[in-house]
Amino acid sequence: MNCNSRMLCSSVFILVLALHISQAQYHASGASVNLPFYGNTPLHAEAGAHAPVADTPTPKQRMRRMYAMCPPLFQRVGTECYFMPEQRSSWLEAHFFCKDKNANLAEPQKFSDRKLRAFLQQHDAQSGKHEPIWFGATYDHRNHIWQWSITGNNLTYNNFAQLDPTYVHLISNSKLQDSHCAVYDPSIKYRWSARACPDKFRFICQHKMPKVSEANRHKIYTRWNTTYPHQLANEVVLEVIDRGDNDRRYHRRVKAEGSAEEMVIPARKGGRRRRPQRPRNQSAAHPNDVNYPQSHTQRPPKRPRPSTTSTTSAPGHLLDNEVVPRVTATPGIATQQMTQYDRKLQRQREKERKRQQRKRERQERLRQERRERKQRLEQQQRQQRQQQQRQPITYRPEELRQRDDEQQQLRQQQEDAAQRRYQAEREQLEREQKEREQRKHEEKQREQQEREQKQREQQEREQREQRVREIEQLKEKHANEERQRAVDEDAERLRQQRLQKQREREAEERRVREEERRKQREEQEEADRRYAAERAAEEERLRKEYEKRILEAKNEQERLMQEEREAKRRELQEVQERLKAEERQRQEEIEREHKEQQMRLELERIEEAKKMEERELKRLEEENKKREEQQRKRAQEQAELEAEKNRLEEEEKRLRESIAAENEARKHQHEEEIRREEEAKKAEEEAEKQEKERKERERQQRLDAARRESDAMVHREMEAKRRNYASRIAALKPEDQQKFIEMRKRRKQLKERQLRALQKKELEEQRLLQQQKDEALKEALNEANQ
């Protein structure tokens, strides 16, 4: 039983784990690539538009996750959702198509425009399509400004290609009844351009991408269920990159799961919270937080500044970017929020406090010195009195009085001397203080003069640079005007060519219409002739039939009835002919009126063209006059600027010469000082060199003596070894001596062979190294020749 229960528990655990992994892989697949999810999975087949339940991170992971959701068929580009259908529509049709999808035509801003352009380039490179793409900006011809179609606000950022000929032509020749809309033009690297709104192009819709938590996903699906019933959204799992202090005043950064792309979720517009928030605990403040809390022992301000906050709880409408007031232990004292002005004021107070502290210390030191001097003087007087008291009194009264007078005079002299010394020291200190102040004042004046001199030089340099910039700006302005004139001439030439082509096209159309009318008249005349011939033949046939019926009539009644029918037929035929004649006359009248209307419209068009040409000629004449006036003024300004430039160049040359002379004199003086220093240095070096040579000679002598002594010792040891070696060989038998001699010869030959092989190997290595060097040199020469 225990075994079966364990197997059952392990099976359940494996199933739960497999379900958990499959859900995680499903959501990871949506995060790895920005592709839509087509079709429902088995988990969502019955749920329809309700959100699938995803795994919840465990408390150990502490991973905060969000979900970025795009509607079906929409793709995520940056922080927005976009959809580009395959159909071609006019701008108005595209606008209502996007509205049906609960979206708008794209309204890209600065950063989203860059990402959208990159997305369009990649999309068109894959699909091979290179047609313009509508987005939601229209041109206001009355105010001559671009606006967003949904909000009606003016564009704060635009990416229009100002040198695009199509854009320049459409905007410069626009009228109040025209309608121009904005497109992404692939021919100019997806910069913005303009096209006529009725033209049919591709378009791109934009939808806001909500970023919600796991608990709020069902709300998005409930909202989208009416527009996209029983369809899954394109979800991307976002991991929140926290700042670490749970501070919601700043934008939050998130990262898409399965990729390194990061996005920024801005704070709510207006900073309004959806529900009242309790003040957060501010005890764990960041160590780099500039708004650090003040100490509780700080003396409260007499009058609170506008930047101070109370210790009461935060109101319900607290903004996200406001600082939550800190709850302190002393509710009667209000804490201050340190602003930049407060910090600056605090630094000034600290400086003033330190200065006052130094002043008090200096005064205390002077008072201490005076007390010490007074104490030393009193100590000396006390010692003198004690000495006098220890001496025996053997004087007579006259001598005592004389002694007292002398002691009193001595004390008076000592006091006067001490007073004079104190006065002299005080005067010395005052003189030193005055001298220091005088030196400081002179240094300040010198620094002030140097600053003024530098400021004057800087101002002169800036003035010269300003004049040079003005000259460059005038030259650039002249070049721009020349380019603008060339552009105007090209536009005028294009306009004349367009007018000439229009006149030729109208003449060709008139000729074609006249030819068609001539053909129609000939066909009508031929049809009239055929109709008259057919009518005469029919009349003849009917007349013969009537005569035949008359002849064949059996009685008079039949003849009368036949005549009556014939009279009715003729009357009906006359009425039909009269109606046909009236219809023909009416058609001719209508055609004549239509011709007259066309002639009138043609004359009006010709008159309008003449008036427009006259206005254009007048405008060109005025522009030519203005351009000539501007050229004359520009020539005068250039002459003045050239004269000013020449004067500045002369002045700069004079200043350069004076500076060069001063630099030359300073250089000579500096060279003279350097020469003297070098001579003194050379003398010192020569003395040091001689001293080093003397020490080197002494050291060399000692080394030579030691070397001679060591050589003699080595020679004696070698002689002793040789004598020992000879005695050992002499003690051997003759045949052993012969073997030893042969073995020594073989060892000598072996060493010679090894030495020759080593020398041969070294020569081979040197030869190979020389060959490599020659090849490298040849390659370098070949590269240099190439």
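Placed from the backbone N, Cα and C atoms, the Cβ positions cover glycine too.
As annotated by TrEMBL, compositional bias 'Basic residues' applies to 269-278.
According to TrEMBL, the feature compositional bias 'Polar residues' maps to 281-296.
Positions annotated as compositional bias 'Low complexity' by TrEMBL: 306-315 (among others).
Look at TrEMBL and you will find 341-353 (among others) tagged as compositional bias 'Basic and acidic residues'.
Positions annotated as compositional bias 'Basic and acidic residues' by TrEMBL: 361-379 (among others). Each residue of the compositional bias 'Basic and acidic residues' (361-379) gets a DSSP state, and the totals for helix, strand and coil are 19 helix, 0 strand, 0 coil.
The compositional bias 'Low complexity' annotation in TrEMBL covers 380-391 (among others). The residues of the compositional bias 'Low complexity' (380-391), classed with DSSP into helix (H, G, I), strand (E, B) and coil, number 11 helix, 0 strand, 1 coil.
According to TrEMBL, the feature compositional bias 'Basic and acidic residues' maps to 396-722 (among others).
Panel annotation: around the compositional bias 'Basic and acidic residues' (733-743), no residue of the same chain lying at least six beyond its termini places a Cβ under 8 Å from a Cβ of the stretch (none). The compositional bias 'Basic and acidic residues' annotation in TrEMBL covers 733-743 (among others).
Annotation source TrEMBL lists domain 'C-type lectin' at 77-206.
Annotation source TrEMBL lists region 'Disordered' at 255-753.
The annotation signal peptide is assigned in TrEMBL to 1-24.
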Tally of residues which DSSP labels helix, strand or coil - the domain 'C-type lectin' (77-206): 39 helix, 39 strand, 52 coil
Beyond the flanks of the compositional bias 'Basic and acidic residues' (361-379) by 6 or more, those residues with Cβ under 8 Å of it: 414-415, 418, 422
Helix, strand and coil counts within the compositional bias 'Basic and acidic residues' (341-353) (DSSP): 13 helix, 0 strand, 0 coil
Rounded mean pLDDT for the residues that make up the domain 'C-type lectin' (77-206): 89
DSSP helix/strand/coil residue counts for the compositional bias 'Basic and acidic residues' (733-743): 10 helix, 0 strand, 1 coil
